[in-house]
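As recorded in TrEMBL, the features of this protein are as follows:
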- 187: active site, proton acceptor (ACT_SITE)
- 92, 98, 131, 162: substrate binding site (BINDING)
- 5-152: domain 'Lactate/malate dehydrogenase N-terminal' (DOMAIN)
- 156-330: domain 'Lactate/malate dehydrogenase C-terminal' (DOMAIN)
């Protein structure tokens, strides 16, 4: 057993965290022999609830969990972190304009970015989950100039897993038989789930998804819509947003950062667009296909992009550019 890894989860009294914390604490993310210190941040009114979460984590009697630190103070939460998972954000209330939502979140992520800059290790990996995740992540990164931009990513793995699973369901195979789906762009309904480069294992043979499904109109229509609108569909059915699946996706995302992606496979995550070869404007936090090795991601290069894909990729880039412009305006006044 080495030194404990110090992991922060924000919004720690919320429902995503409730599904997430147990998986992290029992070793699903950093390995079965990696001790952990869990730091749990939430707002002051949630401290009593958070105490209950701490009691439950204690009651799980988990061998890897060395310490649990609940707090409502940024200077405690962000100190010496190895990983920060920023789940907490201002949720959209009914009748709330997207602009108001952005303004409230700029304030939160500016403050948390500054705290990362001041207190965390410079090698910290930061994963933003709280929506609007891409823009929140960009604001946090801009507010932490001493931490490399590449250390910041946002979660589009839930969308990636949704796409993978829809293909698997359609073909009657397991999700493990499907690889290299891509989510391009924003974690919003403009995201583009792309299976032009995806492969599926059918009866021991690896074939392209288009070839396997033989239904282009479904792949270009309902498949894309289902993935884009899946979050809303879950809310409609459960009256709550995706938590179990979001927590699972966070675990997948962080585990891949920590241990790397399997050979021959790539995954989707929102990362800084600088230096990409797909014509996505610089300085956007945009979801790309990446491979990860030694805790460092690289763009998957050289994938041919058809006109159908290009149009969808540009549309989501346009939305992200507009979000960024609004957020940066608020940043100077936040």
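Here the Cβ of each residue, glycine as well, is placed from N, Cα and C on the backbone.
TrEMBL does not curate its annotations; it predicts them automatically.
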Exercise for the section: Taking the Cβ of residue 162 (substrate binding site) as the centre, count every other Cβ atom within 10 Å, in any protein chain shown. Expected result: 22
Exercise for the section: State the count of C-beta atoms found within 10 angstroms of the C-beta of residue 98 (substrate binding site), not counting that atom itself. Expected result: 13
Handout entry: Alpha-carbon distance [the residue listed as 'active site, proton acceptor'; residue 162 (substrate binding site)] in Å
Key = 12
Exercise for the section: Mind computing the max CA-CA distance among 92, 98, 131, 162, which the record assigns to substrate binding, rounded to whole Å? Expected result: 24
Completion exercise
CB contacts under 8 angstroms to residue 187 (active site, proton acceptor), restricted to the same chain and 6+ apart in sequence, sorted by sequence, are 131, 132, 133, 134, 154, 155, 156, 158, 159, 270, 287
Completion exercise
Close in space but at least six residues away in sequence, with Cβ under 8 Å from that of residue 92 (substrate binding site), the same-chain residues are 98, 101, 131
Fill in the blank from the handout: If you count the other CB atoms within 10 A of the CB of residue 131 (substrate binding site), including all protein chains displayed, you should get 20
Completion exercise
Restricted to the domain 'Lactate/malate dehydrogenase C-terminal' (156-330), the mean pLDDT of the model is 97
